[in-house]
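As recorded in TrEMBL, the features of this protein are as follows:
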| type | residues | note |
| --- | --- | --- |
| BINDING | A:C40, A:C179, A:C192, A:C196 | [4Fe-4S] cluster binding site |
Amino acid sequence: MMKLSLGPILWFWSKQSVFDFYGKAAEWPVDTIYLGEAVCSRRRELKPDDWFDMARDLKACGKEVVLSTQTLIESEADLRRLRRICDQNEFMVEANDQSAVQVAARHNIPFITGPSMNLYNVASLKVLARQGLKGWNLPVELGKVSLEELIKGLRAEGLDLPAEVFAWGFLPLAWSSRCFTARHYNLPKDNCEFRCLEHPDGMELRSRESQELFRLNGISTLSGSRYDLMRELPDMERMGVSSVRLSPEHLGMDEVVKRFDQVRRGEAPATDPLQLVEAPPCNGYWYGKPGMELVGQGQSVP
Amino acid sequence: MELVCPAGSLPALKTAVDNGADAVYFGFRDSTNARQFAGLNFNDKRAGEGIEYAHSKGCRVFCAINTYPQPDGWEQWKGAVDRAAGLGVDAIILADMGLLDYAANKYPHIPRHLSVQGSATSYEALSFYKDNFDIRRAVLPRVLSLDQVRGVAKHSPVELEVFAFGSLCIMAEGRCYLSSYLTDESPNTRGACSPAKAVRWQETPQGLESRLNDVLIDRYGPGESAGYPTLCKGRFEVEGSVYHAIEEPVSLSTLDMLPKLKELGISAVKIEGRQRSPAYIADVARTWRHALDNMEARPDDYKVDPAWRNTLSGLSEGGLTTLGAYHRKWK
């Protein structure tokens with residue numbers, strides 16, 4: 001049976017909200033939990049030791065815990081945080097940048113790559129396998145055709161590298177040195193007043209025709225529609241996908257997890273995309289279409 | 001410091017060489033490079049002619065194969081590396097780890113440069129590429145402040161090339177999927193950002209509208225100059241305000257900080273714009289040649305000639321230039 005994973009929280013939540021969230025997540029039927037700040041170096045509500053403590057608690061609850069690293073590494077301070085995450089021998093690391101691969105490999109820490117690492121072919125996966133890669137996420141802009149080829153290619157090479165797919169949530173699409181939230185409030189990035197805290201699911205960016213295009217979240221830009229591959233789970237199971245990733249939201253996540261769990265167990269039909277925070281669903285990338293599109297809505301699973 | 005200029009076509013290549021480029025870079029006429037434009041780029045014959053011309057004038061030639069091959073494209077991308085090697089280029093600019101591995105093993109004697117699309121923003125990332133593929137040089141993404149560039153340069157195991165002038169990409173290059181989210185093509189997959197096939201212009205009672213796969217990117221009032229609808233430079237609504245929520249149409253220019261870049265040990269400055277005309281390339285290459293020569297001759301007394309600034313403003317998006325992320329206050 002495919003594993004369910006909770007990706008790192010991509011938004012900026014208060015310390016208490018984060019503790020509350022994982023307190024509940026400990027009880028959910030998820031197998032793997034990614035912990036840590038993957039977006040912005042200024043988001044430090046939780047100190048490294050807070051994350052380590054939480055990681056141990058969740059591990060004690062039977063969860064596999066992976067420590068996530070920052071996606072855009074720009075400064076010496078970013079590297080210090082990265083080294084701190086790799087300076088342990090209890091947990092795997094989610095590498096979201098080549099810096100993390102380099103540091104993890106040097107510390108002999110096994111790692112999984114997050115969806116922002118550019119892994120488009122088997123040759124690239126082989127390079128990382130030599131460094132200690134234990135699992136990988138499909139880049140979000142790729143779909144099932146490429147994934148199927150990648151899984152087949154890995155098998156042909158005799159490489160056992162479990163594949164994970166970002167299957168639910170707002171897609172992380174871009175990272176910048178500019179903070180778009182600070183920009184909206186006319187604040188310098190270095191003195192952003194942590195306004196992201198006021199937007200626990202980002203800020204909606206709409207076209208002038210009110211089309212929901214993106215969500216601004218500090219230095220990152222996410223999709224305006226929510227990626228939802230619930231109906232595609234049987235497809236993934238058949239292809240040999242090991243794990244599906246659900247990206248945390250601050251409302252209703254327990255329902256999302258419950259529903260995905262039922263579907264992976266074959267206990268419920270994969271219909272009715274979940275609507276929690278209001279946002280249109282999309283699944284275009286999976287079908288080789290523009291990511292924002294929705295293919296086959298309302299049809300039964302093929 | 002080396003002046004690296006874009007060559008989108010043979011005439012552009014020759015113009016760049018004639019106007020002072022130390023090196024030019026080109027791509028093949030397909031999606032193996034990150035600037036796939038209709039009618040631009042090179043087939044093998046034209047590339048051969050260009051390389052011969054450049055070499056005869058002492059100019060080096062780099063070939064950019066900097067998109068990410070998916071399984072069904074592997075043979076084609078590998079073939080592009082073979083073609084570049086066969087043509088006798090001075091370096092291959094690569095982004096994909098698999099292709100870097102292939103090139104390092106098959107053509108160890110041909111220098112490998114890490115493309116900006118490889119998205120290396122720290123010296124640890126650079127060390128990864130150096131240790132695994134023995135790259136000689138890396139092009140830094142346009143997301144680092146000057147202080148951050150200093151930090152990277154101090155510990156960098158390889159030569160560094162930075163962007164000097166041209167369109168400003170404000171997302172970490174190689175990690176931006178906004179374009180494929182709207183159109184199915186991105187720089188990584190197809191070498192295209194906001195591809196022309198998805199662009200539509202329309203005069204409406206509200207004004208001239210630009211659309212990308214039917215999404216309204218911008219709407220222009222009377223007399224307002226309209227730019228190409230690169231999606232991150234459109235005007236959108238956030239919490240009731242309509243503005244350039246991601247970035248204004250503006251160009252990057254580092255003319256003012258040349259001595260600083262030299263002091264940091266930067267090996268080369270890169271001009272963006274393989275999609276530009278030979279006339280544009282001529283003006284930009286000549287201006288930067290003057291600036292570099294001037295700086296090399298009198299590094300302590302470098303001053304930007306107002307004439308250079310005028311020339312470059314006339315060639316910039318919206319007539320405006322910025323120091324972009326190099327400027328700490330940039331937001």
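Heads up, the Cβ atoms here are built off N, Cα and C, so glycines get one too.
The Cβ of A:C40 ([4Fe-4S] cluster binding site) lies under 8 Å from the Cβ of A:F12, A:Q70, A:C179, A:C196, A:G218, A:I219, A:S220, each of these being in the same chain and 6 or more residues away along the sequence.
Proximity to chain B, defined as a C-beta distance under 8 Å, is registered for the following binding-site residues out of A:C40, A:C179, A:C192, A:C196: A:C179. Neighbours of A:C179 ([4Fe-4S] cluster binding site), defined as other CB atoms within 10 A of its CB across all chains, total 24. Of all Cβ atoms in the shown protein chains, 25 besides its own fall within 10 Å of the Cβ of A:C196 ([4Fe-4S] cluster binding site). For A:C192 ([4Fe-4S] cluster binding site), the same-chain residues lying six or more positions away in sequence with a CB closer than 8 A to its CB are A:R42, A:C179, A:T181, A:A182, A:Y185, A:G218. Following the DSSP three-state reduction, the secondary structure of A:C196 ([4Fe-4S] cluster binding site) is helix. Those residues of the chain, other than A:C40, A:C179, A:C192, A:C196, with a C-beta within 8 angstroms of the mean position of the [4Fe-4S] cluster site C-beta atoms are A:F12, A:R42, A:R43, A:T181, A:A182, A:K189, A:F194, A:R195, A:G218, A:I219.
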